[in-house]
């Protein structure tokens, strides 16, 4: 391995404390921070989470539930009145005495159940009702009826109201509240559903956790700016899950015997049935997975459940996206290239150097990004004119665009509010927003003023009718100064570095330094490295350890071991939104909802408190940014947005990155399950900060991670301020590993793009779990260390240090599936259900092609623009039955409504391959070659539409059974898909 000390000797490597001195406080003189917000400003109340509180009441034990009456049936379902079945328990709020139940069979595969208060008015409607202007509800189809539904609802009043959602085909209860009580209060709702003994649930995000949810998990859902802690609430809110159940039986005769995945035998035949459940709610949530039950708890809102009957996992995802939250946005072709970013690029020259180094080492680069370093005083839409001047930027970006590359800057959710006593501190963006009065308010009507990077800040009120136009206009104004190609929308949970409106009365202290040390400042030098760094870099590790110990000793503080917890006693008819009586296990200090966030009492223009819509802030900001980019590009170019906080449906506007992860092997490991979850949520454009964000990376970790992320839809390297540089050209072995994986990625970009078109038009997934692609194999239910890219490619990455092999399973082997090694093109010899040991030395990532698929490919290049100008190739991997199929979608790669498109279908048999194209997009590049895997005998001749292919261009390997047909350019000069053709051998 190349040691760190050797790397530091290389002239083009930036020193360890990369950019710290310039980037931390580098702003124009009038905006130099002189005041540091005290750390106490972000200290909230000390609360104890209900699940950890020995004094907490169990609502199931003390609440009476409800009784149903006045049932009225209609063609699409029924309604009923629910009345409290006893004395109010008021355990975590005020009981709602009268509820209305609505059951609607919305389509053959979709059912909706609503339970909402019967009596509300304008003063409390937002406590329970989520406006359809914010989150649309799924609509019933014209032909929907009870008789046509896959599902059926039954209910009972014994001992209190409960209901079941039953799959007609099996009689299984997919959702059952039998034996439990419904608790419905103004700040607390609880309902419980039964689950099978050994259940397989996926989703319920956002969390860093196992792909198949643990059966004793406590899942808090409340968007939070808190890095990427394991098993805690993160940035987004996705109260949707997939439930897969396995059976031994026969669909034809209706025989279904439940099977536990842990007891399944890979040599046996099974079937599976999956369904999905979505809770349309934007309040804080807690979902407790227990033995044979799931407990839903919310801090408000209503019960608005939609059930999707599947029965395959792919069906569930399609039903959820097409009917309820919206189909994913179609991405620009170029966004599938490689993206490079870091917090600490100090000026345009730094960016130019990075681009030059990618070219020097011939590593593909599509997008260069900047973090908050470019900003004037960390203000949105305003460049630092000393380091990121508009004139220098225009020159740099012109050259960047000429080279076929692009630029994305970060934009934060908060906006600086200038110092009223400093005329030089003027900020036009704030002035325009204030003129339109589009910022969040305190309950008394004054501005809510929090604190983020620039100091004291205000926050757009997305409920204000002028807010989206204001935001869009700021993007348009800025775009005339900086020719950016997308937006990275951050800090949108929405984050604030203090509790409450801490800037009220303190604006004369602006600009202000955050209440915590920034990376690289004295006391926060980054000494952390990956887990195995001490083994492979002993000298450097010892030095880092000594530095860390010294820093820890210098900054050590004493803490009290005695903690007094604040507990809120419910007041009848009154809500306490800052400290609700029920305390969710929120992963901020003290579990206080106001810590490191805009307070729940911040008020929107329509009177709605942030408490009721907290989960939507980032979602609405993504919509505003999407609308803004439409204006920037005159509704011609697809907006490219990567956002941090997301909600159900955010995928129709943006992609998502995994947040502030760590340069650790465990962080790389969990990136797969996080990506698969976001596939489920309908946000396929997902990627993790490759090589890790927090802490220093090292050669081995970055080597493996650059290869893993090459198969994620969004592929970006990013790290934090003051850590060592980790661009892929920093280590010799990483250069080669990156180029090796990128050669595959860039070759299959047409396949990736086709997958995105299918996701955008049908609701299919791009990155897939093995259990979704092979739904009838229970042994795959928990697999999270390998994954599929579409239906054709399987990736088996190395996820631990100091190894040269990896274990991988080959699904379907023994049941007709054939797998081919990408590199050797030979069929894999594997046994059913066996974790096969695969050679994987550093720099090699095992990749396999599934038999039965045809991949359209082009030659790799340094940019996607260059790659799109290269000849075509096809890789046809024959299945065990000697057939294969595939498809290709093409357009101009960026238009929202392309003037011309092309769809190509490919089919292959044991002796031929056919191409059939439809559409008006003119693809001029010829077909160069076709490779067919699994050809069991050497052909005597090869023809294309009856014309003989020159024998010298045809090779056959009898050992690997690979047929290669080259020399096709002259036969396809008009374009590979200009006419339909058949290749015969």
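Backbone N, Cα and C atoms are what each Cβ position is placed from, and that goes for glycine too.
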Candidate set 601, 661, annotation N-linked glycosylation site, source Swiss-Prot, matching residue
601
N-linked glycosylation site per Swiss-Prot (candidates: 537, 929)
537
Cβ neighbours within the same chain of residue 218 (N-linked glycosylation site) - under 8 Å, at least six residues apart
51, 231, 286, 288, 289, 585
10 Å Cβ neighbour count around residue 490 (active site, nucleophile)?
27
Fewest C-beta neighbours within 10 angstroms among the glycosylation sites 562, 970 belongs to 562
In this structure, which of the glycosylation sites 36, 506, 571, 895 has the fewest other Cβ atoms within 10 Å of its Cβ?
571
Suppose we draw a 10 Å sphere around the Cβ of residue 545 (O-linked glycosylation site). How many other Cβ atoms does it contain, all chains included?
13
Return the member of 36, 124, 506 nearest to residue 899 (N-linked glycosylation site) in space, with distance defined Cα to Cα and candidates limited to these glycosylation sites.
124
For residue 835 (N-linked glycosylation site), what residues in its own chain, 6 or more apart in sequence, show a Cβ-Cβ distance under 8 Å?
807, 808, 809
Measuring Cα to Cα, how many Å separate residue 660 (active site, proton donor) from residue 490 (active site, nucleophile)?
11
Check the Cα-Cα distances from residue 562 (O-linked glycosylation site) to the recorded positions 124, 347, 422, 493, 534 and tell me which is shortest.
493
